[in-house]
Amino acid sequence: MGWQEQRWFVYASFLGLVATVESVTRGEFFHHGTSARDQLLEAGNDKTHLLPLDKPVLFYDGIFDSIFINTNGFVATAEPTGESTYLGKMPPTFGTIAALLGDLDTSDGVGKVYFRQDSSPDVLTRAAQYINGAFPEDDEVRPTNAVVVTWVNVATHEPPSRGDGIEKRRNTFQLVIASLETASYAIILYARDGMPILSTPVQGSSVVMHAGFNKGLVRGFVFSSQGPYYRTTTDDEASIRALAEDTNSGLRGVWVYEIGTSPYFTNVAPGEVNDLPVEAAPQGPSEADHARRTVYTNGQPEQDRKGGQIEVHPVQYQPLQPGNPEVLVVDDTDINVDVFSYALGTCANSRNKCSQFSDCKDYSGGYCCNCRPGFYGNGLECVAEGKPQRMNGKVHGKVHVGNSPSPVEFTSNDLHSYVVVNDGRSYVAISDIPSTIGPSLQPLSALGGVIGWAFALEQPGFRNGFSIIGGKFVRQAEVTFLPGNEKLTIRQEFKGIDEHDHLAVSTTLEGRVPEVPRGATVQIDPYSEIYQYGNNLITSSSTRDYVVSLPDGSTETRSYQWRQTITFQSCQYGESLRDMKPTQMLSVDQVFVLYDANNELIRFAMSNKIGDINGGDPEENPCFTGRHGCDTNAVCRPGQETQFTCQCATGFNGDGRTCYDIDECRDNPQICGSHAICNNQPGTFRCECEDGYQFANDGQTCIGVDRPRDACDEGTHTCDIPERAQCSYTGGSSYICSCLPGFIGDGKVCQDIDECQSGKCHQDAVCYNTEGSFTCQCRPGYYGDGFYCSQEKTKTQCETHRDSLLGSTEFGPRGPRPSVGQYIPSCDENGSYEPMQCHGSTGYCWCVERSGQEVLGTRSGPGSRPMCIDHSGVHPPVGPTPRPDVHPLPPGTHLLYAQSGRIEHVPLEGYEIKKDAGKALLHLPEKVIIGVAYDCVEKMVYWTEITSPSISKASIQAGEPTAVITSDLDSPEGIAIDHLSRTMFWTDSVKDHIEVASLDGSQRRVIIDTDLVNPRAIVTDPPNGNLYWADWNREAPKIETSHMDGSNRRVLVKDDLSLPNGLTYDSQSSLLCWADAGTHKLECTHPSHGDRRKVIEGLQYPFGITSFGKNIYYTDWRRDAVVAVDRHAGKESDMYQPQKKTKIYGIATAYAQCPAGKDTRDQWWMTYSDHA
């Protein structure tokens, strides 16, 4: 007897014990309760217990040394959030093994939750029997440890009873997690007499309970996304009832899953025995079992390829039977993440859920939305016939190549697709693909194949994917490469049409692919797939061949098997799905794949048609072949035989051969109504409410937002006078009074603090107390600012500037010694700049401010002298500013930040953010803006964007955007302005270099192009002529500096860094500060001293950062907010969340007047120009 037959025999004996009963009963559960020495979970609702494990549990690709037991029918791998965050909003953000999740309660003393760890031989032997019986063709498994959790007589959590004596219904079920060193399994037992509860009440409605496995949030480099969610039930109560009646282990009510493996993991694997024993257990794998394992080739069963009609079995819901080839289900991931589902209601109260291009129709059980003529879709989303479609998204995940033990990580790689709908051609591009994996991804044209199916060219009587299910669905696919059996899972969540009229998608890749050598190319032959359509479920399968042309000229023919499921929510009352054919064939040809190693870009292109699975008579009409010559924005209308006409799509006009976009916003300025902004887009337009307004319930009318009265703004508060106190508005009609620094009191009455009593000045200085502050003055014979006094006189700014140019040192603060004939500043007897400065060689003269900065418009030619104001009579104050702990703030200072196709601004009042005054500065639809910088001289905002890589600018006083640099850019991210030398610097994270140019884009030059991997943040120190930047290289992150010509480059910080996203330099304090999204810290250093200190830790996901006085402001991707940090207090002091809840990228401070500093043009810029 062979080993498989022996295992069948052992399992047959085990089944024989239960073959005479209909289902597993409570008495056949694993032993539990006090007699089994179980622990008892605290009674109540939503109670959690942390259970440290003797041996770890493997779940998905993670290893866990502890788990959390919860009342609500699940075990978690991380501490669960409150039940309000996941009940009715599945899946949760934390890892979950859901035996039967719902709002459950044990506070009545009847229901109990028992749990324990167990490594006794009887428990492990029984667990092994269940596992080996469920996977009869796999190697035998012998667990070494188990966790047994039993929910006994648990009831739903409901309001207090009315005392009417109605007995509560109660569920009983059990979860056993059995583990060995390389794998963990979940065994779930549902008693047929213990499953009366199918739904639980959640916030006034009834929600069907959930069973399944959820990895939780997966953190990528830029975004965190929902990880795999393997749901074993649906939103239909029948699927809950089936848990006690069906099986995947051969025993009714017992379900077995492989939930984690090491070192590699692809997906949750269900048991493979879906048949129930009739009398006795089978003696071995039956012929029927072998017969069911049909191999599909090009979408057709192998035995049917020789001729005749293809037999296709209808798709039905069968819980967890991915091994059943008639169904071809990879996973029953009936995932409802952000997927709209029709609810009970009428068109009157639900019309705004339909597309603006659809009509709503009431039915006896509810309502449905139907696209109007000229549009197609599922009614919730409708697009114009003939209009090209675009898809944008991100790719995440980990993929191993060949035998490599280390995966290649995808961290929010950009995915873009474009489809010419009227001929079925689709194009897909994925960026930032390293050469270690790029060639090996070439066979996977199916990464973008789903959009080809969604918008395939329709043959008569057949419909593409979007016309049936719209743009919100989840696609799960499994690829098995032959002959090595490498497996790759692809999960794509399609989130519908976004605000830019693009289909949004999130893609996750996990697994292993065979290696394709560098320099090799891949050719994919035409193929076809049979799509089977059921209730909210679509499946398909095929075997695909591809030819690898190796660098040496030889070729290899390889293949892989492909299976996928598409889950969606449809309207159950309408007529659309009734007309849907149960099977259709997608035919794909003209497949083109290319990996561009230089640009790290992979491209796919293909032609897609949807039609009859048996081929039928070939269509000759050009509308069905795609050879019609209509404009890409036109619909091809078939006529008799080969006749056809071209008609421009809705939103375009022309003769059909050439179509032009209609600018609805220009043609009808009032199309969006009052208090709304119209944004034109190709073929359509979108309306947005002005600031201070929001859409009413109809989704169209903009109505004013009622805002409470702000007593601080109106001046009706009871705080002390503004010179002594500050009023802070806290919402509603509330505010807080607080004394300004230098005063003490309750905010309503504030008294001056005498700082001189605490000895704040230097020992060789005299302290003078003032109202709210103090001043320090060095004694006669000493020099300094009062905080530090010395008998040695310190050079003034003018003297330092002059002496550096006269060659008192070999190198100045920004690089090499200037050339002969350079401008040398003139200083008076006090060391201040003379009000008029002249160039000794050219004879030009000009006026300067006290800081030495040229007064614009005063430069005169040789032989003439400008009239300059003498500032000798106005001496700068001795000692610190009036309040040493508060920097004087100029009026009209703002924060500028980039968010979702726009640049917005919010003003600062002192250090406080005026949250109610934030407004959009620029609307830049379809642009992904990364970096923002401000030129305080010309009042211009500069930004970088990566969709069509460019650097642009616009005046903050309602100026039109102007492109500055549009060529030879790949991914410009960080940008910084030197307002003194009138130059800009930027980083390019694809080219891995730093460039500089004049503010008009001229005199462009690369200054750093070595030893950079992922440069992003960059800032300037104009007065001292220094440049700082951060490189978030995963292997060796660092912060560097150089002079502005790239010379004197050196590393400032390299230890204890992880993801230094943001960087800012404060010229007043000479502090360089950075925010790290990996260490979650905000830190600062004085670049010239080499010190380093932590300001605050516990940041969530900082991206951009800027500084102003004592405050540092950073953008947070987790909170979608601008957060203020008091650098002195070391804590967050304020947070501003814009009305639009999307990620905020770069941020900059727009000063009302420029910070002081000397002009460095003549020193380094002239040197740079000589090399340009």
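Cβ from N, Cα, C; glycine included.
Model, not experiment: these values are computed from the prediction.
What TrEMBL records for Cys838-Cys845 is disulfide bond. Around the Cβ of Cys845 (disulfide bond), 19 further Cβ atoms fall within 10 Å across all displayed protein chains.
The annotation domain 'NIDO' is assigned in TrEMBL to 99-262.
Per TrEMBL, the feature domain 'Nidogen G2 beta-barrel' maps to 387-620.
Within its own chain, the domain 'EGF-like' (619-660) has Cβ neighbours under 8 Å at 374-375, 384-388, 420, 422-425, 457, 459-460, 607, 609, 682-684, counting only residues six or more beyond its boundaries. The domain 'EGF-like' annotation in TrEMBL covers 619-660 (among others).
With DSSP classes pooled into helix, strand and coil, the tally for the domain 'EGF-like' (661-703) is 4 helix, 18 strand, 21 coil. Annotated domain 'EGF-like' per TrEMBL: 661-703 (among others), in sequence order.
DSSP assignment over the domain 'EGF-like' (708-751) gives 4 helix, 18 strand, 22 coil. Per TrEMBL, the feature domain 'EGF-like' maps to 708-751 (among others).
When pLDDT values are averaged over the domain 'EGF-like' (752-790), the model yields 84. If you look up TrEMBL, you'll see 752-790 (among others) marked as domain 'EGF-like'.
For 795-868, the entry in TrEMBL reads domain 'Thyroglobulin type-1'.
As annotated by TrEMBL, repeat 'LDL-receptor class B' applies to 939-981 (among others).
Taken from TrEMBL, the feature repeat 'LDL-receptor class B' applies to 982-1024 (among others).
Here TrEMBL flags 1025-1069 (among others) as repeat 'LDL-receptor class B'.
According to TrEMBL, the feature signal peptide maps to 1-23.
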Under 8 Å by Cβ from Cys838 (disulfide bond), same chain, sequence gap 6 or more: Ser826, Tyr844, Cys845, Trp846
